[in-house]
Amino acid sequence: MTQLSSNDVPSMGRRQFMNLLTFGTATGVALGALYPVANYFMPLRAGGGGGGTSAKDELGNPITKTGWLATHQAGDRSLVQGLKGDPTYLIVNEVGEIGEFGLNAICTHLGCVVPWDSGANKFICPCHGSQYDTNGKVVRGPAPLSLALAHVDIEDDAVLVKQWSETDFRTNENPWWA
């Protein structure tokens, strides 16, 4: 058996190797733990190049304009998954087209999902009775604010929901949700 010369032997000692191994493992674990945190603050967007989020049905399938209008009539307000997966109402206007805005269905009082009451022609919160008109403006408390607005755009038959940052047309104030 031949012996290696001192030039052929690596210069890293056992202690240095264990320190490097420990540091590498700790770094890997820390980065792995930080990934979900970073993903929470910077979620991936579903949607087209316009920066919107694809509106999705209850099964998570993207909604198309033609498919939606085939099953929803004028005046209809139905829930979809909108921005950040929040329940959002798509509104079919009097002309039979999807409206230019949607309404976040989360009550501004305690966060309950507010259903549309077609008989009363308004949104009525089941938790504490807050009421909102057809455009989501609060008309009876205890909810302090109107429902949040979202832009609804159609791109290549896909229904996209986008952040609303302009003045709230219902109150002529800056949006509280932006």
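Residue numbering: from 1, along the chain as shown.
Note: Cβ is positioned from N, Cα and C throughout, glycine not excepted.
Among the features that Swiss-Prot reports, transmembrane segment is placed at 20-42. The domain 'Rieske' annotation in Swiss-Prot covers 65-161. Taken from Swiss-Prot, the feature [2Fe-2S] cluster binding site covers Cys107, His109, Cys125, His128, and the record attributes it to sequence analysis. The disulfide bond annotation in Swiss-Prot covers Cys112-Cys127.
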Check: same-chain CB within 8 A of [2Fe-2S] cluster site center, minus Cys107, His109, Cys125, His128:
Thr108, Leu110, Cys112, Val114, Cys127, Gly129, Ser130, Pro142, Ala143
Among His109, His128, all listed as binding-site residues, which has the most CB atoms within 10 Å of its CB?
His109
As a quick check of your reading of DSSP, tell me how many residues in the domain 'Rieske' (65-161) are helical, how many are strand and how many are coil.
10 helix, 39 strand, 48 coil
Let me spell it out: for each of the recorded positions (Cys107, Cys112, Cys127), count the other Cβ atoms within 10 Å of that residue's Cβ, using every protein chain shown. Which one has the most?
Cys107
Measuring Cα to Cα, how many Å separate Cys112 (disulfide bond) from His128 ([2Fe-2S] cluster binding site)?
9
Please list residues from the chain of Cys125 ([2Fe-2S] cluster binding site) whose Cβ is under 8 angstroms from its Cβ, counting only those at least six apart in sequence.
Cys107, His109, Cys112, Val114, Gln131, Ala143
